[in-house]
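**Q** Per TrEMBL, the feature active site, proton acceptor maps to Glu93. Annotation comment: TrEMBL describes His124, Tyr188 as substrate binding site.
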Amino acid sequence: MTTIDDVRQAVRTASGVSLDVVLGPMKSGKSLALISTLSPLQFTRVRHRVYQSERHVRDTGVTSRSGGELATTKVASLSAALDEQLDVVGVDEVHMFDLADVAVVAELLRRGTRVVVAGIDLDHRGELFAPVRALLELGPDTVSYRRAVCDQCRDFSATHTQVLRSGEPFLDHLGGSEALPDDGTFTYEARCRSCFVRPART
Ligand SMILES: Nc1ncnc2c1ncn2[C@@H]1O[C@H](COP(=O)(O)OP(=O)(O)O)[C@@H](O)[C@H]1O
Ligand SMILES: Cc1cn([C@H]2C[C@H](O)[C@@H](COP(=O)(O)O)O2)c(=O)[nH]c1=O
């Protein structure tokens, strides 16, 4: 039986163009997914590059807690990708980019580039990151929602990331795409919907 996924895969293979998005909380294996999808490309003739925002200072490439690594180019803006002839563009930590960068993704797709994007969908307040919303509005070919183990109740259903400062939920309102450092200032817990602490409704 031919499934809709088979049809999507066939269309992708035929045209080479697609937007594939991997979303989920911290520790849900987004990096693992990006590495397993893009790492084989280094052994092909496919022209490709993986970008990370300069705002991401934890590591120099895509690294998974499970192991594995992917070389990245750190950029202030994705516009650099428009200056090259690339068949495939990877974007890690998309929540650290801006709306203008999502416009670059749209242009890459228009030019026939395959784009694979990973990032956190819901911020520390449980709200959709603006660039992720814009990305979803491009109508991705696939959206893969990954889940982690809830660091509170241990159910394998964590959808959110609780950011803690001195052990307390950090719920301050921040500006768009403002990256939180992963340098010990905050600790991060994957949490399910029930265990996630949201800002009080005003
Ligand atoms: N709470 C957790 N839930 C799921 N995996 C976890 C958790 N804590 C640590 N891990 C490990 O993290 C790996 C995924 O890490 P990673 O690929 O870096 O995820 P992400 O890029 O989404 O932050 C898992 O395969 C597992 O080995
Ligand atoms: C929840 C949240 C996280 N961040 C930052 C913190 C980390 O540096 C990255 C996510 O890393 P991952 O393990 O590869 O998923 O994002 C942030 O800037 N804002 C947030 O709300």
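Including glycine, each Cβ sits where the backbone N, Cα and C put it.
A TrEMBL annotation is a machine prediction, not a hand-curated record.
Quantities reported herein were computed from a predicted structural model and do not represent experimental measurements.
Any idea what these are sitting next to in the structure?
**A** Secondary structure at Glu93 (active site, proton acceptor), as computed by DSSP, is coil.
His124 (substrate binding site) carries neither a helix nor a strand DSSP state and counts as coil.
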**Q** So how many other Cβ atoms are close to Glu93 (active site, proton acceptor), meaning within 10 Å of its Cβ?
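**A** There are 22 such Cβ atoms around Glu93 (active site, proton acceptor).
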**Q** Under 8 Å between C-beta atoms and at least six apart in sequence, can you list the same-chain neighbours of His124 (substrate binding site), or say none if there are none?
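**A** Set apart from His124 (substrate binding site) by at least 6 residues yet with Cβ under 8 Å, we have Thr161, Gln162, Val163, Phe170, Leu171, Leu174, Leu180.
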**Q** For a quick check of packing: other C-beta atoms within 10 Å of the C-beta of Tyr188 (substrate binding site), how many?
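**A** Cβ-Cβ neighbours of Tyr188 (substrate binding site) within 10 Å number 18.
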